[in-house]
């Protein structure tokens, strides 16, 4: 499942965040890539322990943990602290698959990368190229969203970032370990949850809603890993 979640941050908030990112000191993005990925990665990255990365990352996670659509789709158990990158001057990241497990806080905790997310901090008209290209069972998708919007997709997906030939593309990316590791099961639960929410709005007193909601929770109970 590939899902577009709009307006995590407002235009005014994005403007302030981007201004701060433009003034930050960036490092070579290869530092956080695996052996194979490092050969394909040509971008800049904010050091993970940078105060700005922590500040924006905490604000992002607070928004997402209170966002009904993200919670419904991701069913998050753990989230890897958001990272921040910049593509400019021809920077790109060729096709790769993210590492299956990421160490957090010096290896004291691990996160399985069931889901990948990218949150854009540059508007499409501010740069040429830079499309996030995702290849999975749903086909080849090119993603270039408005600033403040997020795309959520399976961590198993082959993906790349096209070269940025004009301007700069600022974004955040992170991984989520879901309560439900299989994408097909998460998709089924997401579609069921969205249907229950619509029915609750349209026919709030329908007697089948209780049974349908119970079925959702029984499936979640069957498939959850804690």
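Cβ from N, Cα, C; glycine included.
When Swiss-Prot records 96, 98 as binding Fe cation, the matching candidate from 4, 42, 159, 201 it lists for that site is 159.
According to its DSSP assignment, residue 159 (Fe cation binding site) is in a strand. Secondary structure by DSSP for the domain 'Fe2OG dioxygenase' (78-178): 3 helix, 64 strand, 34 coil. In terms of local Cβ density within 10 Å, 169 ranks first among the binding-site residues 96, 159, 169.
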